[in-house]
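Taken straight from Swiss-Prot:
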type: ZN_FING; residues: 4-121; note: zinc finger
type: BINDING; residues: CYS6, HIS8, CYS95, CYS98; note: Zn(2+) 1 binding site
type: BINDING; residues: CYS46, CYS49, CYS67, HIS72; note: Zn(2+) 2 binding site
type: BINDING; residues: CYS59, CYS62, HIS76, HIS82; note: Zn(2+) 3 binding site
type: DOMAIN; residues: 174-518; note: domain 'USP'
type: ACT_SITE; residues: CYS183; note: active site, nucleophile
type: ACT_SITE; residues: HIS477; note: active site, proton acceptor
Amino acid sequence: MSPAGCSHVNSFKVENWRQNLRVIYQCFVWSGTPETRKRKAKSCVCHMCGAHLNRLHSCLYCVYFGCFTKKHIHEHAKNKRHNLAIDLLYGGIYCFMCQDYIYDKDMEQVAKEEQRKAWKLQVFSPALVSPYQYTMTGVGEKYSTWEPTKRELELLQHNPKRRKITTNCTIGLRGLINLGNTCFMNCIVQALTHTPLLRDFFLSDRHKCEMQSPNSCLVCEMSTLFQEFYSGHRSPHIPYRLLHLVWTHARHLAGYEQQDAHEFLIAALDVLHRHCKGDDNGKKANNPNHCNCIIDQIFTGGLQSDVTCQVCHGVSTTIDPFWDISLDLPGSSTPFWPLSPGSDAGVVNGESHVSGTTTLTDCLRRFTRPEHLGSSAKIKCSGCHSYQESTKQLTMKKLPIVACFHLKRFEHSAKLRRKITTYVSFPLELDMMPFMASSKESRMNGQYQQPSDSLHNDNKYSLFAVVNHQGTLESGHYTSFIRQHKDQWFKCDDAIITKASIKDVIDSEGYLLFYHKQFLEYE
């Protein structure tokens, strides 16, 4: 990615542009002293309607403040041909020619420097706090505990009420600004920020960055993102830093074209896994990836592959780690058997449709059924010492805490590119016991018996997030449903969050399904 997010930035970068930008950040965005805060409160009103709210932006070319929501700043940009403005709440730069928030390396550096200065002024200003009360802390750094003063203890006695998180609390719900076809990223961010154990990890400040440049660490950025989500702010967040880091570390996702949400999920988990060095607690890893980072602790499972020789019935077993399970659907070019009773595949308007109901369990049964590899895929059997036909069967050796199921709705081949719109019924609660390697081995040995409650509970999951794709393969949009509390669901459509019913969730098409274990064993 080039240092400049768009070519229109160059028209602003003339003599003294850095100093001019610093003044705007110091006076109107990052207000570090009481004086600058008073100036901001007095000066920052829309020059057209006089409002303080409605996402005020400041023109970068002249002294003009305008509402973004009511498009007063847009009118100014059009009339004066001043194409760049700055968000006075978050500091993001908006280009009216690109019609999007942009990233520029030089301008971002100025913003970070001024934000850091303002933060220091807020923390160490004698007018605000006593110097011994606070220490500057960063993500993953040590911090001193809060020791209340005598005055603060008196105030606490007079104000015994505390803020409680109730079932109606909306902390953690926050929209995300679409930065130009970035709905694929926004829906995954919503799923990750509502993953309970991941939330607990980041909000407890447990990441210790060991990268030479913390500014390039995706885990540090995720820590900041979680703090933003659970800060109580309700205005949409602008994830431009996250987008830039993803583009930097996963270059195949760079650019403003629409990307695949599943591909982004895997790329994000991979980068987070690589950047989690230093977070290992020193204990032996209890997952097939042999890594104790938070990503592998939560998302890594073990997939067992048994290849059985058709002559001597010898079995060769391998176990591979996985972060997700991709499932074929009826209507794809891959044969799908068995379908639920009454199913009938067909093609309508170039897209695949199936009558009847296909369930997630159907897809999992197909995924774990024995598959004959055929004469063209003979393997050398270690028992027969010769090439023989064989069967292959996949089962779950170890289940992850969070199981992500990818319904393969996009089919790409030399002759065909299409979206499969088959409706797949998925449950709110899922029992993975029938698909475990241990269940298969017990059945083969004729020793299958009902598992104990503790073992059975270990394989039970609850749905907590669903990612959907609306539209066609060429033109579509991603949204997500997330569970905030038990049986309380919300639809996340970029910056817009709306309440949803359970029926809305289970009636949706489904592209990525996120399930969380109902019972956890703590080591």
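Cβ coordinates are placed from backbone N, Cα and C, and glycine is handled just like the others.
Cβ proximity to the Zn(2+) 3 site centre (mean Cβ of CYS59, CYS62, HIS76, HIS82, cutoff 8 Å) flags the following additional same-chain residues: LEU60, TYR61, TYR64, GLY66, ILE73, ALA77, LYS80, ALA85. DSSP assignment over the zinc finger (4-121) gives 54 helix, 19 strand, 45 coil. Spatially close to CYS98 (Zn(2+) 1 binding site) yet at least six residues away along the chain are CYS6, HIS8, GLY180, judged by Cβ distances under 8 angstroms. Of all the recorded positions given, namely CYS49, CYS59, HIS72, CYS95, HIS477, those whose Cα is no farther than the 10 Å limit from the Cα of the residue listed as 'active site, nucleophile' are HIS477. Comparing the Cα of CYS67 (Zn(2+) 2 binding site) with the Cα of every entry in HIS76, HIS82, CYS95, these being the binding-site residues, the smallest distance points to HIS76. Counted over every protein chain shown, other Cβ atoms within 10 Å are most numerous around CYS183 among the recorded positions CYS46, CYS49, CYS183.
Residue pair CYS49 (Zn(2+) 2 binding site) / HIS477 (active site, proton acceptor) shows a Cα separation of 34 Å. DSSP assigns CYS183 (active site, nucleophile) to a helical segment in the three-state reduction. Taking Cβ-Cβ distances under 8 Å and a sequence separation of 6 or more, the neighbours of HIS76 (Zn(2+) 3 binding site) in its chain are HIS47, MET48, CYS59, TYR64, GLY66, HIS82.
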